[in-house]
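Quick look at what TrEMBL annotates:
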type    : residues                                               : note
DOMAIN  : 6-226                                                  : domain 'tRNA methyltransferase TRMD/TRM10-type'
BINDING : Gly114, Ile134, Gly135, Asp136, Tyr137, Val138, Leu139 : S-adenosyl-L-methionine binding site
Amino acid sequence: MSFSADIITLFPDLFPGPLGASVLGRGLSDDLWSLRATNLRDFATDKHRTVDDSPSGGGAGMVLKPDILAAAIDTIAPQGDPRPRILMSPRGKPLTQKRARELALGPGAVIVCGRFEGIDQRVIDGRQLEEISIGDYVLAGGEVAAMVLLEAVVRLIPGVLGGVDSHADESFENGLLEYPQYTRPQSFEGVDIPAVLTSGDHGKIAKWRGEQSLAITAARRPDLMAAYSSPKRPKA
Ligand code: SAH
């Protein structure tokens, strides 16, 4: 069974959007993964198709109603559906390459996109939604965040990105940022490709790349460097 993604959103027409382009789009047409976006409004029960209401306790904006959202989740992922249920949320755990890799090995994901001020806490608790954030800033809705999550996950599904080794050296895969990349022409605006890369000496190249990776990570991301240098770091 291939990776199956279900999105619950007020804007299903936004999908697949960028997920339909390039290798991810090819993966979709080749059935390496599947994507379905369902309109939350289809689960509204009144004639105005209401999905939100004002926040209890007062304040600005609107909150997505728990009964409507729970009905959508229960229809799309009935009990026994093995896929994790995710809520895109600025209060969630920051998305990591590690979580993306775990999700890519699993059966798929059911992803809830919030809008307005967010969603009623009781549906987060009652449906055990895993809250995931794509960064410390606030978006207008969860749709773009869901695309970010899926793009990070789907490119890791075997077969989607071609080369088996294409992930091994990437940023974050070993806890470090990637080394600089070059390609022809040999000389660009008076700057040559570093000689080691055209030396043909694979040992030297690997050593140079490792050093560059460490230097760039140390300069830009002391947090990653500290975790990498920590004695508790699990050895790959
Ligand atoms: N009032 C909320 C923000 C609501 S933004 C708060 O302060 O926490 C509306 C929706 O956009 C959210 O429900 C969520 O689904 C999505 N969203 C906003 N920022 C996000 C982020 N950084 N990561 C993931 N989803 C986000």
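Just so you know, glycine gets a Cβ as well, placed from its N, Cα and C.
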For Asp136 (S-adenosyl-L-methionine binding site): intrachain residues, at least 6 apart, with Cβ closer than 8 Å: Pro90, Pro94
Taken over the domain 'tRNA methyltransferase TRMD/TRM10-type' (6-226), the model's mean pLDDT: 96
Under 8 Å by Cβ from Leu139 (S-adenosyl-L-methionine binding site), same chain, sequence gap 6 or more: Pro90, Ala145
Mapped DSSP class for Val138 (S-adenosyl-L-methionine binding site), helix or strand or coil: coil
Site of maximum Cβ density within 10 Å, from binding-site residues Ile134, Val138: Ile134
